[in-house]
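A.B. asks: Pulled these features from Swiss-Prot for this protein:
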- Gly15, Gly16, Gly17, His18, Ala19, Gly20: FAD binding site (BINDING)
- 275-289: NAD(+) binding site (BINDING)
Amino acid sequence: MSQQSQQHFDVIVVGGGHAGTEAALAAARLGVKTLLLTHNIDTLGQMSCNPAIGGIGKGHLVKEIDALGGVMAKAADKAGIQFRTLNSSKGPAVRATRAQADRQLYKQAIRYALETQPNLSIFQQGCDDLIVENDRVTGVVTQMGLKFTAKTVVLTVGTFLGGQIHIGLDNYQGGRAGDPPSNALAKRLRALPLRVERLKTGTPPRIASHSVDFSVMQEQPGDNPTPVFSYMGSRSDHPQQIPCYITHTNENTHEIIRSGLDRSPMYSGVIEGVGPRYCPSIEDKIVRFADKGSHQIFVEPEGLNTFEIYPNGISTSLPFDVQQRLVQSIKGFENAHITRPGYAIEYDYFDPRDLKQSLETKVINGLFFAGQINGTTGYEEAGAQGLIAGLNAALQAQDKESWAPRRDQAYMGVLIDDLSTLGTQEPYRMFTSRAEYRLLLREDNADMRLTEIGRNLGLVDDERWAAFNKKMESVEQEKQRLKTTWVHKDHASVEQINALVKSPVTKEVSGEELLRRPEIHYKDLALTDFFAPGLEDPLAAEQVEIQIKYAGYITRQQEEIAKQQRHENTLLPSPFDYAKIKGLSNEVVAKLNDHQPETVGKAARISGITPAAVSMLLVHLKKQGLLRKSA
């Protein structure tokens with residue numbers, strides 16, 4: 001292969017974190033020639049902050065990434081050293097999987113996936129510049145001055161754009177601890193007609209486990225049997241399982257923190273970027289919740305072959321001497337040795353309202369953004385965006401139409417729609433409460449929602465497709481069996497069934513009717529003589545129970561979605577000057593001109609846009625012949 005051909009690609013992905021790896025893998029799965037540029041091959045898939053995958057809302061994203069053929073769930077299964085199902089006592093919509101991960105095992109799993117993926121090349125070089133011609137990106141320039149050309153480029157640069165690390169009143173440039181920032185690229189992007197702001201995030205000090213007294217802490221074991229993250233995974237993938245621990249801050253801790261606030265970069269005005277609301281620093285907690293006597297700390301191992309632990313809950317940028325005193329004031333940490341100081345990092349992000357649903361920028365064709373550059377926080381949010389951006393970069397390189405999930409299809413759709421419609425002024429984190437259709441967007445049915453779409457797009461391989469079809473066939477056959485299998489009230493096995501129910505069976509009843517009763521679970525029904533044997537596949541069995549038990553609620557939500565779909569499919573002209581529409585208030589005009597929503601549905605979700613304003617908008621555009629339906 002000539003040197004010239006080696007330097008031309010269909011898709012270039014800049015950055016090898018959680019967004020970049022999913023983007024590069026997605027593009028390569030579509031069969032296009034893909035280059036992943038990373039400043040350091042050894043940090044591919046690195047967990048820069050907490051050593052965990054999943055959680056409320058986040059676990060849903062991981063399942064969706066997996067349903068579309070992504071790598072995050074598989075890597076979590078291979079690296080997970082403690083698995084738990086959160087909200088296990090609540091309804092299926094809000095149940096979520098979380099895995100404590102071994103950092104090194106996770107990186108190994110990601111790197112192996114990248115290095116064995118056909119159509120994907122990896123090159124170690126930072127990116128300093130974009131090649132832009134006639135408002136279209138055509139390539140990148142590396143630190144060495146090497147030029148790589150491409151049809152599309154995906155930027156997944158994390159916290160590296162103009163990164164500034166703060167510990168107390170001291171600060172220095174960095175993309176994260178130990179890594180240089182991407183200042184040249186940040187300067188280049190600031191020269192583009194895109195809105196840019198600053199955000200900040202932080203991380204706690206790391207502690208040597210042999211200096212910690214775990215005996216005075218509350219042990220937090222994982223679930224047994226352990227949940228499995230990937231639809232293609234199994235418990236045999238899991239390494240050794242170990243516990244986490246819980247301890248708490250106290251009034252002495254809080255007084256130490258308060259005494260150091262005058263040297264805090266957050267409270268002395270040094271940091272201007274807004275931090276994550278749902279993962280605040282310990283100094284933020286003490287100030288905002290001054291009446292609270294203690295705060296919970298999850299003491300999490302960083303891996304099986306390291307002595308470092310991650311004290312989840314005391315993220316801080318206080319001076320190091322204050323960090324030492326606050327850590328040693330905590331029960332079990334009295335003799336704690338800090339191996340790495342906590343710090344805050346400030347970085348550039350770009351207003352995601354300047355993005356299309358495909359995550360392509362509106363002003364530079366072929367340029368896609370994913371991850372923290374869009375104002376999000378979290379590995380899972382980054383991975384979800386990366387997959388969609390990489391997919392659409394590859395589709396555009398093949399001259400195909402873009403695809404992005406709708407709000408009623410996936411949490412990915414909620415994430416992208418929230419960002420591109422509403423923007424964000426603080427690091428955006430996913431929660432189940434953000435999804436209005438969460439009864440349909442469950443962890444258990446992510447494959448049912450997305451795998452067929454992924455197959456049609458080219459994201460899903462033969463093995464996953466075969467496994468999915470086998471599961472779906474089992475679910476449908478078992479639902480039909482329960483619907484058509486009736487037990488008479490005088491049958492010998494009714495005694496077993498009556499032991500499961502609150503009110504005894506008084507007439508002939510089907511398995512489906514029994515399973516609709518809230519107190520009966522599929523696994524118990526399948527153990528009775530009459531309805532045995534049940535399904536061996538626990539995922540298929542879970543699906544049967546949920547589909548039957550919640551059928552009425554699911555149908556109602558599907559009807560609601562059908563009503564809303566009319567607005568979601570009605571496209572708005574872009575760009576458009578909404579001042580031309582008589583009757584709209586100045587506030588509505590300003591917001592519509594600022595957001596430039598792609599559809600009527602997106603316009604209706606902008607804060608301050610009333611139903612009356614939407615009606616006026618529709619009437620005017622219809623008269624002008626400017627309304628059209630999406631394909």
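Yeah, the Cβs are placed from backbone N, Cα and C, and that goes for glycine too.
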A.B. asks: Going along the chain, which residues six or more apart from Phe289 (NAD(+) binding site) have their CB under 8 A from its CB?
C.D. replies: His295
A.B. asks: If you take the centroid of the Cβ atoms of Gly15, Gly16, Gly17, His18, Ala19, Gly20, the listed FAD site, which other residues of that chain have their Cβ within 8 Å of it?
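C.D. replies: What remains near the Cβ centre is Val13, Thr21, Glu22, Ala23, Thr38, Gly45, Thr156, Val157, Gly158, Gly371, Ala382, Gly386.
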A.B. asks: Spatially speaking, which of the binding-site residues Gly275, Arg277, Glu283, Lys285, Val287 is closest to Gly15 (FAD binding site)? Use C-alpha to C-alpha, please.
C.D. replies: Gly275
A.B. asks: If you count the other Cβ atoms within 10 Å of each Cβ, which of the binding-site residues His18, Arg277, Lys285 comes out on top?
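C.D. replies: Per the Cβ count within 10 Å, the most buried is His18.
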A.B. asks: For Gly20 (FAD binding site), which residues of its chain lie six or more apart in sequence with Cβ-Cβ distance below 8 Å?
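C.D. replies: In sequence order, Val13, Val14, Leu36, Thr38, Val154, Thr156, Ala370, Gly371, Gly386 meet the Cβ cut-off.
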A.B. asks: Looking at Cβ-Cβ distances, which residues of the chain lie under 8 angstroms from Gly17 (FAD binding site) while being 6 or more apart from it?
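C.D. replies: When sequence neighbours closer than 6 are ignored, Gly17 (FAD binding site) has Gly45, Gln46, Ser48, Thr156, Gly158, Gly371, Ala382 within Cβ distance under 8 Å.
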A.B. asks: Just going by other Cβ atoms within 10 Å, which of the binding-site residues Ala19, Cys279 has the emptiest spot?
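C.D. replies: Checked Ala19, Cys279; of these binding-site residues, fewest Cβ neighbours within 10 Å: Cys279.
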A.B. asks: Identify which of the binding-site residues Gly15, Gly16, Gly275, Ser281 has its Cβ surrounded by the largest number of other Cβ atoms within 10 Å, counting every protein chain shown.
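C.D. replies: Within the set of binding-site residues, the most crowded position is Gly15.
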A.B. asks: Using a 10 Å radius around each Cβ and counting other Cβ atoms from all shown chains, which of the binding-site residues Glu283, Val287 yields the largest count?
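C.D. replies: Buried the deepest by this measure is Glu283.
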A.B. asks: Rounded to the nearest Å, what's the C-alpha distance separating Lys285 (NAD(+) binding site) and His18 (FAD binding site)? Just drop the number here, would you?
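C.D. replies: Between the alpha carbons of Lys285 (NAD(+) binding site) and His18 (FAD binding site) there are 28 Å.
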A.B. asks: If you measure Ala19 (FAD binding site) to Gly275 (NAD(+) binding site) at Cα, how many Å is it?
C.D. replies: 20
A.B. asks: Express the distance between the Cα positions of Cys279 (NAD(+) binding site) and Gly16 (FAD binding site) as a whole number of Å.
C.D. replies: 24
A.B. asks: Which secondary structure state does DSSP assign to His18 (FAD binding site), in the simple three-class scheme?
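C.D. replies: The three-state answer is helix.
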A.B. asks: To the nearest whole angstrom, what is the C-alpha distance linking Arg277 (NAD(+) binding site) and Gly16 (FAD binding site)?
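C.D. replies: A Cα-Cα distance of 26 Å.
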A.B. asks: Based on Cα distances to Gly16 (FAD binding site), point out the closest of the binding-site residues Gly275, Ser281, Glu283, Val287.
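C.D. replies: That would be Gly275, the closest of Gly275, Ser281, Glu283, Val287 to Gly16 (FAD binding site).
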